[in-house]
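*Asks:* Copied straight from TrEMBL:
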type	residues	note
TRANSMEM	A:12-34	transmembrane segment
DOMAIN	A:74-265	domain 'ABC transmembrane type-1'
TRANSMEM	A:78-99	transmembrane segment
TRANSMEM	A:111-130	transmembrane segment
TRANSMEM	A:142-165	transmembrane segment
TRANSMEM	A:186-211	transmembrane segment
TRANSMEM	A:246-265	transmembrane segment
Amino acid sequence: MAKPTASPVRTGLVHLALIIYTLIALFPVFLTVINSFKDRSSIFRDPLGLPTPSTFSLIGYQTVLGQGDFVLYFQNSFIVTGVSIFFVLLFGAMAAFALSEYRFRGNTLMGLYLALGIMIPIRLGTVAILQGMVAAGLVNTLTALILVYTAQGLPLAVFILTEFMQTVSDDLKNAGRIDGLSEYSIFFRLVLPLVRPAMATVAVFTMIPIWNDLWFPLILAPSDATKTVTLGSQVFIGQFVTNWNAVLAALTLAIVPVLVLYLIFSRQLIRGITSGAVK
Amino acid sequence: MKACGPVNQLIYEFESRNGNKTLGSLKIENIRKSFGQVDVLKGIDLEVKDGEFVIFVGPSGCGKSTLLRVIAGLEDATSGDILIDGKKVNNTPPAKRGIAMVFQTYALYPHLSVRDNMGLGLKQAGKPAYEIKERIGIASNMLSLGDYLERRPAELSGGQRQRVAIGRAIVREPQLFLFDEPLSNLDAALRVNTRIEIARLHRQLKATMIYVTHDQVEAMTLADKIVVLNRGRIEQVGSPMALYNSPQTVFVAGFIGSPQMNLIDATKLGQSGAKTIGIRPEHIQVSKTSGEWKGSVIHVEHLGADTIIYLQTDFGPLTVRLFGEHNYDVDGVLYATPDAGRTYRFDNEGQVIKA
């Protein structure tokens, strides 16, 4: 039996709604990208026009890359985002495993406590964090950013991963125990591969706010050696003059790594679904 | 799968190499298990001899799976002792107890091939590669899994997955095999085949096996000894026929046998000295003209070999099982007569009253 198909009108309307949403979501990105390839006057004269041979210009990219520091800024952003994601996934998954696997006193309370961070924005504690970092001598280091972002990402990671880990079959973990795997092996070799889709979801949710963040780099690590891309782009936005070519070029470049990481993780999302451990 | 020449040879090697190692006795002494306020096991004593096939059977929530997990070491008992081969293993981790377990959901490692699934436990135990290979060879031959060794579990059918799970248990050459409802995820035809296969394995390996199921047919067909559990206590231990022919309690009488034994309130039958009268459906004869109990036919089930008749009588419903084909009209009147000496009498505590 084929499953009943919805009427073409209905499917058409659903697609129309989704297409409109996609267009709205992509429009600012599209504007940023096309304008980054135009010269300054045509950006203002015809902001919606595609670059033509007469208006095409790479001046923005030349400015950005000519500044030299931008390679370093990219590197900083990569290090901060990458290391933070790694720690968020590692510690988040470990906490989630403990919460879902072991029965102990205060289990639920601990879970709620760890999830509390979802509701309270970490920026409320900026002053205290800054004081702490100053006291610890971590101001203007990437470590400071990594610590803050790890703390920021953990609550959601623990929350999502706990739910997923509860779906991993107990029998599988017990089979591992009977085969002599240690609890660490069970975690790393049996459970983690099975919750990979959830890990990818968490990675995407964690990555984007970190990569785009301006607040903490500005406050904790504004030195030239530790600037991230988002902070670095700000040099082109002046109080009186803004170098739009350079800003748009920098933003376009900043989109690329996120896009690549997203594609990697979304492939993981699909691959994780196709495993067949348990009937 | 037939046991042909080379396979017999392999089994011979398997047995001779292990000597007595595959044999293991189990002793359970006053095991109690509580989860918080809830007592799941309320003092279990049991002895299992070398090479016995013991089945734990009981309704859902009777504690049979918990007991198996306690034996495996996956749960700690609240109190009591577990002895495998005479040695106390209360504080021994599962991997060191000399056990292997087959799970209801197969619990194969999804990212490993069949070969690695079977070999993981041995690898963890630090066995040399040639021995692991040899043992996997023997087990996969016994279970006809030779062609599938490089496949992933996702590429196997349900029956093949269950065979891999059994193979993973065999390669460990355990003293004790533990089966946790291994057939309940298989379809009916496959269930019968796998049941025969498990029975054959038990004869070949001569290993001690403990098997948990809620299906009394599996219990009756496979077991040397059945342990009937109810609400965390052992109701009765005995061979399948002992349980069928002389149930010690009302619970066992009702649980073993299909269709269920008729359990009739003794006062309604006008009998004194007992609370409940039990009579199996197959031990009742019917007649259209005369008999001890009068009833009207509610429903008739034709199973080919059997005909099952549901009667409504003055003292409640009565099930009758007749062999062969019989035609009776619904709403017609029938007289039922129990076979002499085949009724059971139970007292107020549900214990059988010896005649």
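Think of each number as a place in line: the chain as shown, counted from 1.
Note: Cβ is positioned from N, Cα and C throughout, glycine not excepted.
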*Asks:* Six or more residues beyond either end and a Cβ under 8 Å away: which residues meet both conditions relative to the transmembrane segment (A:186-211)?
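*Replies:* Contacts with the transmembrane segment (A:186-211): 77, 80-81, 84-85, 88-89, 92-94, 97, 149, 152-153, 156-157, 160-161, 163-165, 168, 172-173, 176-177, 229-230, 254, 257-258, 261-262, 265-266, 268-269, 271-273, 275, 277.
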*Asks:* Under 8 Å between C-beta atoms and at least six residues away from its ends: which parts of the chain pack against the transmembrane segment (A:78-99)?
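*Replies:* Residues packing against the transmembrane segment (A:78-99) from afar: 107, 110-111, 114, 142, 145-146, 149-150, 153-154, 157-158, 161-162, 164-165, 187, 191-192, 195, 199, 202-203, 206-207, 210-211, 228, 257.
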*Asks:* When you check the transmembrane segment (A:111-130) against the transmembrane segment (A:12-34), do you get at least 3 Cβ pairs under 8 Å, counting only pairs 6 or more apart in sequence?
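*Replies:* When sequence-distant Cβ pairs are counted, the transmembrane segment (A:12-34) does not touch the transmembrane segment (A:111-130), since fewer than 3 lie under 8 Å.
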*Asks:* Same-chain Cβ contacts of the transmembrane segment (A:12-34) under 8 Å, 6 or more residues past its ends?
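*Replies:* Non-local partners: 47-51, 248, 251-252, 255.
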